[in-house]
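Participant: Feature table excerpt (Swiss-Prot):
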- Tyr1219, Gly1244, Arg1245, Thr1246, Gly1247, Ser1248, Gly1249, Lys1250, Ser1251: ATP 2 binding site (BINDING)
- 81-365: domain 'ABC transmembrane type-1 1' (DOMAIN)
- Asn894: N-linked glycosylation site (CARBOHYD)
- Asn900: N-linked glycosylation site (CARBOHYD)
- Ser549: phosphoserine (MOD_RES)
- Ser660: phosphoserine (MOD_RES)
- Ser670: phosphoserine (MOD_RES)
- Ser700: phosphoserine (MOD_RES)
- Ser712: phosphoserine (MOD_RES)
- Ser737: phosphoserine (MOD_RES)
- Ser753: phosphoserine (MOD_RES)
- Ser768: phosphoserine (MOD_RES)
- Ser790: phosphoserine (MOD_RES)
- Ser795: phosphoserine (MOD_RES)
- Ser813: phosphoserine (MOD_RES)
- Ser1456: phosphoserine (MOD_RES)
Amino acid sequence: MQRSPLEKASVVSKLFFSWTRPILRKGYRQRLELSDIYQIPSVDSADNLSEKLEREWDRELASKKNPKLINALRRCFFWRFMFYGIFLYLGEVTKAVQPLLLGRIIASYDPDNKEERSIAIYLGIGLCLLFIVRTLLLHPAIFGLHHIGMQMRIAMFSLIYKKTLKLSSRVLDKISIGQLVSLLSNNLNKFDEGLALAHFVWIAPLQVALLMGLIWELLQASAFCGLGFLIVLALFQAGLGRMMMKYRDQRAGKINERLVITSEMIENIQSVKAYCWEEAMEKMIENLRQTELKLTRKAAYVRYFNSSAFFFSGFFVVFLSVLPYALIKGIILRKIFTTISFCIVLRMAVTRQFPWAVQTWYDSLGAINKIQDFLQKQEYKTLEYNLTTTEVVMENVTAFWEEGFGELFEKAKQNNNNRKTSNGDDSLFFSNFSLLGTPVLKDINFKIERGQLLAVAGSTGAGKTSLLMMIMGELEPSEGKIKHSGRISFCSQFSWIMPGTIKENIIFGVSYDEYRYRSVIKACQLEEDISKFAEKDNIVLGEGGITLSGGQRARISLARAVYKDADLYLLDSPFGYLDVLTEKEIFESCVCKLMANKTRILVTSKMEHLKKADKILILHEGSSYFYGTFSELQNLRPDFSSKLMGCDSFDQFSAERRNSILTETLRRFSLEGDAPVSWTETKKQSFKQTGEFGEKRKNSILNPINSIRKFSIVQKTPLQMNGIEEDSDEPLERRLSLVPDSEQGEAILPRISVISTGPTLQARRRQSVLNLMTHSVNQGQNIHRKTTASTRKVSLAPQANLTELDIYSRRLSQETGLEISEEINEEDLKECFFDDMESIPAVTTWNTYLRYITVHKSLIFVLIWCLVIFLAEVAASLVVLWLLGNTPLQDKGNSTHSRNNSYAVIITSTSSYYVFYIYVGVADTLLAMGFFRGLPLVHTLITVSKILHHKMLHSVLQAPMSTLNTLKAGGILNRFSKDIAILDDLLPLTIFDFIQLLLIVIGAIAVVAVLQPYIFVATVPVIVAFIMLRAYFLQTSQQLKQLESEGRSPIFTHLVTSLKGLWTLRAFGRQPYFETLFHKALNLHTANWFLYLSTLRWFQMRIEMIFVIFFIAVTFISILTTGEGEGRVGIILTLAMNIMSTLQWAVNSSIDVDSLMRSVSRVFKFIDMPTEDKPTKSTKPYKNGQLSKVMIIENSHVKKDDIWPSGGQMTVKDLTAKYTEGGNAILENISFSISPGQRVGLLGRTGSGKSTLLSAFLRLLNTEGEIQIDGVSWDSITLQQWRKAFGVIPQKVFIFSGTFRKNLDPYEQWSDQEIWKVADEVGLRSVIEQFPGKLDFVLVDGGCVLSHGHKQLMCLARSVLSKAKILLLDEPSAHLDPVTYQIIRRTLKQAFADCTVILCEHRIEAMLECQQFLVIEENKVRQYDSIQKLLNERSLFRQAISPSDRVKLFPHRNSSKCKSKPQIAALKEETEEEVHDTRL
């Protein structure tokens, strides 16, 4: 960045903002880069501002019981705020004084006041000076207030971030990431521009009082008629505003429904294409869009009438103010024109400035209160450590994740002791304790000496991670003692990578030691990986390490923990992403050798690790199942394998455990209050929803760590009756909305499921910050596209014969990615706050305007209609103004007024009252035409938005994957969320305002030019200057806004990054470093925003300066060229004053239109994307109709001769696949053939191209060569027909928000009987029947209530329903429990017995039934043969497979020889495998 010219700027340069000229000149000539932006002044740095506010807030906390954040802000910013407020008031006062001078100028043309004619020129000079003074006062004041608002936002940004790093884990479990982002964006953004309006809460009343006093002097009591009308109008607008809010709230839910489905479609676009669901998804989204648009139109109509009421209220204000006076005392032109000028200012103060000021204060105080509540949340408390101790000890430790359970625990014990004394009931305490919820850890005892290794094992949800959290101090024990030195290093289960180099991630702020660093790199097997990078360990990693594989991220996280010199190392399942060989080497070299003298606690379930551990702690349901050595474990606990593997079924849990699971699940799987569920119809009802439960569930958030043991209150306990009720003041659930907030405040969009018929259960959830920290987010990506994490679920019980409790318990142990439909993950969050600069020009091109206008043919006619109405209005206005300017004056001798009252001509003749009749008629006509003139325009523009959304949706669905791979998912979603919201909400009204203002200005100029032709000569250069100035400024301003948006992104991504690694940050004590990084991100954004505000004020000031020159010319031309008669000069000067404010408004509106039209440009860019195939008629099958000979889905009503494919024979010839056209080949010259009904297994190492081959079969990539199915080439039929020949079970399971029926049969072509039959075949019937509504049960959030196994069965059912002859399976057994895996194998044998099956699988057992194997290596087919031939001595396959796996392939060879001995085997740690970019 460059040094700012502001530092050396003179006072005059600062006053006129001339110091911004270099950046404006550069932006006009070339594209601006970040290096062109000026550095911020030191007073605006985040360090200084945050320190200042933090000092005052600490002072407030220390001095009062009820601290107020507004007091801290007042001490920091109040006096500067008031200083600029006084300047703003003085500038507004000049607006009230100007009509007085105008009246005196008009009066000087009265024939009876010829002696004052000589001072008219001086009055004109005074009037011009008032405009100059107003300009010099208002713009510095407005800029100063914007500057203060910016500083307040920066200071509170920093304060919130620092508080976030201090929050306890319990609090983080109750706060969603959406709340934090909303706190930092929606709330704090109100200070930036809203602060300039805040002063009008006192300026507007003072101004109204001053104006009413001046109008009273002119019109006496009739002045209050106009004021009364304005007050009624303000109330009317307030009513319209409330109506608009109602429609907006209703519409918000519909928008969110559409965005949920759209985001799911975008994230799973490859699956949508593989299933041929383009038409179904398009129809589903368009139906939601149709419902949304009905409410959009209603809200737009209300906003339109609200805007129109302001524009056309001026006629009635003047009319109601003047009429009573004129009826009594006659028409006085001076008073009419003076009153018109007063009423213009009065109308703005009453109907705009004061309501906006009140709204600003309401929103700002609300935001301050929210921030204040957040700043008073419970903080993370560091445990007291003994630095001299060398051992780690836990004695009788019990802990709850729920805040306050420790106090409830102690209260229950006390009550129990009291009752035992009086009643002697020993069991009472334990019954009360069961009501309080299950502890996450209970009575934990262990002791390890320095240098020992403690292995902690247990099933999912047993409390392993919670144990580490308690040692770190993240979880406070309710009772018991913890003892250790406090020098801790931590490696999280889910790898966390901060933005920076590999070296910076490993060192992480610790002093650099070359020898130690190299030793750690070697021990963690990172040498080979680092050597492959050109920059070695100085390669910069993106946020989350998106350029690394899962194994690389895991090893870097482990290296970071090992590099720190600590006494105690906490390793939470660090080997989850590593292959067996790498895991073994790292465990030996790193854990056992490099850290041999250190105390280590390793969470693992690997038998090899347990054998080498000094001590073993096995947890089961939060309790210590075993503690001792491995030999003791084998002797004392021979059944420990089941506890270790987590094979307990739900029915085997204790009654207390089952109750905790059920209530916790219901907490999180909350029911919509208005869901049409008839519980009385369900005999299997196992719970009741009470009012207390309804309130509690609103605040529930899934925490995978303690999901089984968290407590949910269904009924009030005795302790609650005594007033001990937890979380009674917790704020209601809030989410981050994808829809831009309106000017009235933020819109919190409720999560509403897709509409369906029949009994439904609608569910919603949100993600807590703690959940974000503990998510296993899969970060697989391809060379062009970063995909969103797929959802992974782990089952607690077998997948068949489930009870209703089992169904709901599936929600507990899931490991799910943060979905964009609910909360936005870090990559999508970045996308949602700025758009890529891409190829969109800085200024919207005329071609975009032309295309927009011609989208809907009627739009052109509507614009012509508006122009015709405008011409009629101008003509009517000319008639009235001509009458006022040329009304014959009454003879002085017949005047009823004395000399003292004749400052202006008075028209009292009865015949002259026709002026009023004409004025009333014209006013009524203008009101009618004005109110309804723009309505067709707004209606048509919303229709245009509807058409553009439809075209863009169709274009995205039909676009090839090679094009979609070059786009980011967040960017695509932005088009459907932010840009469509702009087209729906902002653009129609902004275009209407601009056209309205432009026509008003043109009309006023036309009237002035008719009355005084000389003025027209001065108007032409002014208009030219405006156009040139606008073009000059627009080039730079749009670029600065783009840079500002881009600079906003790091703020929020840094917040999410910090939250995901918060436990690591605290363990390493790196909070100050991350605060510094956050301040740098704030300063970067501030530099762009401050420069944008400065250039905007430069532009606004230049506009006023041009107009001041114009007004000076108009004033002197009218004064010097006008003869007798005050009417004409009054009209000219009044209209000139009106032109000033209106033209500025029009120019600003034109800039807004240009900015909003950039959204239209982006939408057109998506519409213009290439399509996969030429448009063809729908190939949707009909159950009772004959189809063409090229058939896709087999149908019992169709003759066999018409069915294709009939056998499933495939021939692949010279197949080459590329991700993008012209890119490197991923597969080269693949040739082989598959016989009908044959089963082929794909073999190869990770990244060899197995999943890519399956994608190539579906033509999802750029392909060359030929594939034939039953003799039909893929070039001879459409893509839809080709893809429907395949059944697909993808690696990334796709469950969209909708009913079971919709997910299984989106085209609604099968009957319930047929769907149930298939559900029986795949083992889903027992699962679906447990849900209320059965097939009509609404699944949300990617099927959050289903395990991963259930979702795989859903995909299997889809393939069975499709009756495809070729089945593609991409890692179908990944993360499946044995029961579901057996169901899939059985279904493949039965339902697909005569189908061709192509299987990509890592499990050797899954390959047993394949007749042929295709070995892929280095993107080519190396071998294609039977398993027997592949296992010969020369085979590459034989070299890759271990001897034990060979035995598994042929178990019959050894089964008869000897009976295998029972062995104790451990299940692999339940973590997500790395998902590759080529997955289906």
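Glycine is no exception: its Cβ is also placed from the backbone N, Cα and C atoms.
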Participant: Quick check for the class: what is the C-alpha distance, in angstrom and rounded, between Tyr1219 (ATP 2 binding site) and Ser549 (phosphoserine)?
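Facilitator: Distance between the two Cα atoms comes out at 19 Å.
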Participant: Quick one: pull the CA-CA distance for Ser1251 (ATP 2 binding site) versus Ser549 (phosphoserine), whole Å only.
Facilitator: 17
Participant: What's the CA-CA gap between Ser549 (phosphoserine) and Gly1249 (ATP 2 binding site) in angstrom, rounded?
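Facilitator: About 16 Å separates the two Cα atoms.
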Participant: Have a look at the recorded positions (Ser549, Ser1251) and report the one with the fewest Cβ neighbours inside 10 Å.
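Facilitator: Each of the recorded positions Ser549, Ser1251 was scored; lowest Cβ tally within 10 Å is Ser549.
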Participant: Under a three-state reading of DSSP, tell me whether Ser1251 (ATP 2 binding site) is helix, strand or coil.
Facilitator: helix
Participant: Taking the Cβ of Gly1249 (ATP 2 binding site) as the centre, how many other Cβ atoms fall within a 10 Å radius?
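Facilitator: Result for Gly1249 (ATP 2 binding site): 26 other Cβ atoms within 10 Å.
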Participant: Have a look around Tyr1219 (ATP 2 binding site) and count the other CB atoms within 10 A of its CB, chains all included.
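Facilitator: Within a 10 Å radius of the Cβ of Tyr1219 (ATP 2 binding site) lie 23 other Cβ atoms.
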